[in-house]
Each structure stands twice: as C-alpha cells, then as structure tokens.
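Novice: Below is the structure I would like to discuss, written out as structure tokens.
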Amino acid sequence: MIISAKFITSLVVKFDENLSSNFSEVAFLGRSNVGKSSLINSLCKQKNLAKSSATPGKTQLINFFEVTCKRNEEKFNINFIDLPGFGYAKVSKNLKEIWNQNLDEFLKFRTSIKLFIHLIDSRHTHLEIDVNLNDYLKRFLRPDQKILKVFTKCDKLNQSEKARLKNEFKDSILVSNLNKFGLDSLEDVIINQTLGFDK
C-alpha cells in the first residue's frame, strides 16, 4: 500500500541523462483532461499533491513525486511521473512538434520507468489518439517495462457497460476518482509490477 508521497521537482519537457533516478518509476500518460493528476492524488491520498492546469496543454512540465510503499511490513520507494496531456488544442503546431519530440526522447531513454500507465476515458475507449499512443509505446517497450491500460471516470458507466469494457480489455483496470472504485486494485498492481513482485 502507498503510505506517503511528496512532490520532488518539475522539469521542462526534455531528456536529460543527468537527471537519473535511483528508484523504479511509473509514468502516467493520457490525453488532456483524462484525469492523470486526480488519479495520482487519489492513489496518494492527498488532495492537492498533483495540480492540474485549468487550460489543457498549458503546462509543459514533467512532475515527479516520491512515493513510499509498504508491502509485508517492508518499505519501498518509487517515483510517480505526471506527464503533460496529449492532444492539446491551444498549443501552436510548432510548439506541439517540439514538445512531442522532447517527450519522445524522455520516454524512450528514461530507463528507470518500469510501468507506463495509459489513462483512457471509459466513455471514449477507441479514440485515435489513444490507439496511436498505445502503438507508440509498444514500439520501444523494453523487456523490463509494461503498459497498463487504466480506464477513468467509470462512475459514468452502468454495470453492464463496465462488464463489457472489462471483457474487451481483460488486463485493464477500471477506476473512478469520485467514488474510489478500483483504486485499491490499481495500487496493488503498481507496487507489484514496478518493484518486480509479479514475476
């Protein structure tokens, strides 16, 4: 379980090999307004740990959080990485190209990332931007890395819709920040996969 978390730093979107981590890391990715910051806050049980911008795509920062977990009375540290949302409408084309290139370098060369959490709005499960993101991650995924699909805002679905979604995406997790649905399951998967306890 996650017992504490703290903000470490914010970085402009670019790869810097000097900014390495001693901890295994979890990267949260998804399109703008999918609920990345809210999910991090819910998992860490802190309302304002990760702050979301009122204007999607306005912030070009990668935010790092040090998270302390406990498993069988033993404590471990991992980092959560809150990445800028994909698919911003209010960013110039040139800035978007630079942004995407820098994110590309960061994701490919950040070897401490062990788990990519791809957040998808449960009401819009087959958007082209999400299909492309999934394909993109698979192209450079290393043997020690995994992708986990997490469907957000599941409080908007009825039971049959949830069952249908879970049946289609069998290894995914459905969550709701509003009623805390699925958060315990997600927390367990994050800890086990990031620290290698699932092997």
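Using the three backbone atoms N, Cα and C, a Cβ is placed for every residue, glycine included.
Here Swiss-Prot flags 30-37, 57-61, 82-85, 152-155, 175-177 as GTP binding site. If you look up Swiss-Prot, you'll see S37, T59 marked as Mg(2+) binding site. The domain 'EngB-type G' feature in Swiss-Prot is assigned to 22-196; the stated evidence is sequence analysis.
Where in this structure would I find these features, and how exposed are they?
Specialist: Secondary structure at V175 (GTP binding site), as computed by DSSP, is coil.
Around the Cβ of S37 (Mg(2+) binding site), the number of neighbouring Cβ atoms within 10 Å comes to 19. S37 (Mg(2+) binding site) falls within a helix when secondary structure is assigned with DSSP.
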Novice: Ten-angstrom check, please: count other Cβ atoms within 10 Å of the Cβ of P84 (GTP binding site), all chains counted.
Specialist: 23
Novice: Express the predicted model's confidence over the domain 'EngB-type G' (22-196) as a mean pLDDT, rounded to an integer.
Specialist: 88
Novice: Across all chains shown, how many C-beta atoms besides its own are within 10 angstroms of the C-beta of L61 (GTP binding site)?
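Specialist: That number is 15.
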Novice: Going by a 10 angstroms cut-off between Cβ atoms, which of the binding-site residues K36, K153 has the sparsest surroundings?
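Specialist: Counting other Cβ atoms within 10 Å of each of the binding-site residues K36, K153 gives the minimum at K153.
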